[in-house]
Amino acid sequence: MAGKPKLHYFNGRGRMECIRWLLAAAGVEFEEKFIEQPEDLDKLRNDGSLMFQQVPMVEIDGMKLVQTRAILNYIATKYNLYGKDMKERALIDMYSEGVEDLGEMIMHLPLCPPDQKDAKIAQIKERTTNRYFPAFEKVLKNHGQDYLVGNKLSKADIHLVELLYYVEELDPSLLANFPLLKGLKARVSSLPAVKKFLQPGSQRKPPMDEKNLEEAKRIFRIK
């Protein structure tokens, strides 16, 4: 029997958090090997574990996978969270990419210079309420089903619900005018595996704070 997937990253959200969410939603237990020093990253690079010299990296099924989307797609395929045919996968990919676009803006917010932060937050709020949330709300309204694609849980639902939590951390009022998204969030959050992941003490990571940011900069030698 294969061992648990092993996740190599620093002890923070970053680009690994969506992978943690997807594994957790699939009910898959995983181990984490935290990169705590720059030398830990050097070792992974020097022993050939990182194809492109970067993390996240996930050891799964005898492979050392890098590149976030490749990792997510493998997990989604393995655990039947990637639709039933090519058309469904295309929709799942399209919705996931939209989630990623807004998620990137939120993820990079801690790196924003203080004098630009208010403008960046305003831009995120505008994109959230005028571009991304209306698009996803419309998908759910048009087909009247419980999930985004094929009336079945997919990685697109999980990525979107993860994003909804991040948006709520930024400003809880942004979700107020999107009842179907609120319904999706409640539905996915009540699934036993996700509910467990949302409890305190799980492998879910907290929002990036100043201390966490400085730690990441030190590990990855970011000036």
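Along the chain as shown, residues are numbered 1 onward.
Just so you know, glycine gets a Cβ as well, placed from its N, Cα and C.
Annotated features in Swiss-Prot:
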{"type": "BINDING", "residues": "Y9, R45, Q54, V55, Q67, T68", "note": "glutathione binding site"}
{"type": "DOMAIN", "residues": "3-83", "note": "domain 'GST N-terminal'"}
{"type": "DOMAIN", "residues": "85-208", "note": "domain 'GST C-terminal'"}
{"type": "MOD_RES", "residues": "A2", "note": "N-acetylalanine"}
{"type": "MOD_RES", "residues": "K4", "note": "N6-succinyllysine"}
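What Swiss-Prot annotates, mapped onto the structure for a quick look.
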{"residue": "K4", "record": "N6-succinyllysine", "CB count, 10 Å": "13"}
{"residue": "Y9", "record": "glutathione binding site", "CB count, 10 Å": "23"}
{"residue": "R45", "record": "glutathione binding site", "CB count, 10 Å": "14"}
{"residue": "Q54", "record": "glutathione binding site", "CB count, 10 Å": "14"}
{"residue": "V55", "record": "glutathione binding site", "CB count, 10 Å": "24"}
{"residue": "Q67", "record": "glutathione binding site", "CB count, 10 Å": "14"}
{"residue": "T68", "record": "glutathione binding site", "CB count, 10 Å": "18"}
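Considering only the residues assigned to glutathione binding, Y9, R45, Q54, V55, Q67, T68, the longest pairwise Cα distance works out to 17 Å.
In this structure, Y9 (glutathione binding site) is part of a beta strand by DSSP.
Mean pLDDT for the domain 'GST C-terminal' (85-208) in the predicted structure: 97. Helix, strand and coil content of the domain 'GST C-terminal' (85-208), in residues and according to DSSP, is 92 helix, 0 strand, 32 coil. According to its DSSP assignment, T68 (glutathione binding site) is helical.
Put simply, the residue listed as 'N6-succinyllysine' is 19 Å from Q67 (glutathione binding site) when counted between their Cα atoms. A separation of roughly 22 Å, to the nearest angstrom, links the Cα atoms of K4 (N6-succinyllysine) and Q54 (glutathione binding site).
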